[in-house]
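**Student:** Right, I'll just put the structure down here and ask away after.
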Amino acid sequence: MNRLSVNVNKIAVLRNSRGGAEPDVVRVAEACLDAGAHGITVHPRPDGRHIRADDVYALAALTAARGVEFNIEGNPFAPPRPGYPGLRILCEQTRPAQVTLVPDGDGQLTSDHGFDFAAELERLRPMVAGFTALGCRVSLFADAACDIGAAAATGADRIELYTGPWADAFAAGTPDTVLPAFAETARRARAAGLGVNAGHDLSQRNLAAFVAALGGVDEVSIGHALISEALYQGLEVTVRRYLAILAAAR
Ligand SMILES: CC(=O)[C@@H](O)[C@H](O)COP(=O)(O)O
Ligand SMILES: NCC(=O)COP(=O)(O)O
């Protein structure tokens, strides 16, 4: 419970800004794992703005060698294009422990909503089955107000609660406007046999209250805030602080 998967997208953003090899996403991932992180997450975007296919292959090799989980996120319906083979092919090539399906579009700055499970059920069901057949645990990006019955009917193993609205409410000093809905959705998900992950804009400030209100989660994936905080605190110290928060929120 309460496992930490570090999203290293932001390291690739910095690297790509100069076109060279630094900072090295594999070296950063190694440092996170050395500090105790339970896994590594990437969300390669079809436009190649940060993580690229070669990063996915290198991180798959690293996580396999270290015996930790690799989580690849993405839109399973986004077509391949030069430099991006598509989520399905990436998973066939690397067999991550977990694939997280996210309904994001090219024009989005970042992920900002979960699936409409009832509307997407017939499209998702065979997609989920295909990833399951590859040996991947399948998690689906979900809003707090999602239809858990339809989510479970897709055959997925977990949902990942989209925590952007939680981060916004926490920052605004109005956490109670959204927290009960997240907690209730997590409760219903577990009752339906789904595991519960969480991610997006989680930070050292807002993480503990969220996890405690849900009675724990299976995994959080954290990138933007963790990498930002690491600029002040150092990467290994930052990862350890997240692990301490998660351990205390058990
Ligand atoms: C699904 C999710 O919330 C994260 O993967 C987030 O979208 C990170 O992606 P970016 O780093 O591209 O913003
Ligand atoms: N699934 C969420 C994730 O991987 C990281 O999101 P963020 O912390 O970069 O917002």
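We count from 1, first residue shown onward.
Each Cβ is built from the backbone N, Cα and C atoms, and glycine gets one as well.
This is the feature table in TrEMBL:
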| type | residues | note |
| --- | --- | --- |
| BINDING | ASN7, ARG18, ASP201, GLY223, HIS224 | 3-amino-2-oxopropyl phosphate binding site |
| ACT_SITE | HIS43 | active site, proton acceptor |
| BINDING | ARG45, HIS50, THR110 | 1-deoxy-D-xylulose 5-phosphate binding site |
| ACT_SITE | GLU73 | active site, proton acceptor |
| SITE | GLU160 | site 'Transition state stabilizer' |
| ACT_SITE | HIS200 | active site, proton donor |
**Student:** Counting other CB atoms within 10 A of each CB, which of the recorded positions GLU73, GLU160, ASP201 comes out lowest?
**Tutor:** ASP201
**Student:** Can you tell me the three-state DSSP label for HIS224 (3-amino-2-oxopropyl phosphate binding site)?
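**Tutor:** It is helical.
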**Student:** Which one is it: of the recorded positions ARG18, GLU73, GLU160, HIS200, HIS224, whose Cα lies the shortest distance from the Cα of ARG45 (1-deoxy-D-xylulose 5-phosphate binding site)?
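**Tutor:** Smallest Cα separation from ARG45 (1-deoxy-D-xylulose 5-phosphate binding site) among ARG18, GLU73, GLU160, HIS200, HIS224: GLU73.
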**Student:** Listing them in sequence order, which of the recorded positions ARG18, HIS43, GLU73, GLU160 have their Cα within 10 Å of that of HIS50 (1-deoxy-D-xylulose 5-phosphate binding site)?
**Tutor:** HIS43
**Student:** Whole-number answer please: how many Å between the C-alpha atoms of THR110 (1-deoxy-D-xylulose 5-phosphate binding site) and ARG18 (3-amino-2-oxopropyl phosphate binding site)?
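**Tutor:** Between the Cα atoms of THR110 (1-deoxy-D-xylulose 5-phosphate binding site) and ARG18 (3-amino-2-oxopropyl phosphate binding site), the distance comes to 21 Å.
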**Student:** Just to confirm: which same-chain residues, 6+ apart in sequence, have a Cβ under 8 Å from the Cβ of HIS200 (active site, proton donor)?
**Tutor:** THR110, SER111, TYR162, THR163, GLY164, ALA167
**Student:** If the 1-deoxy-D-xylulose 5-phosphate site is taken as the center of the Cβ atoms of ARG45, HIS50, THR110, which further residues of that chain fall within 8 Å of it by their Cβ?
**Tutor:** ASN9, VAL13, HIS43, PRO44, ASP47, ARG49, ILE51
**Student:** For ARG18 (3-amino-2-oxopropyl phosphate binding site), which residues in the same chain are close in space, meaning a Cβ under 8 Å from its Cβ, but six or more apart along the sequence?
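**Tutor:** Same-chain residues close to ARG18 (3-amino-2-oxopropyl phosphate binding site) (Cβ under 8 Å, separated by 6 or more): none.
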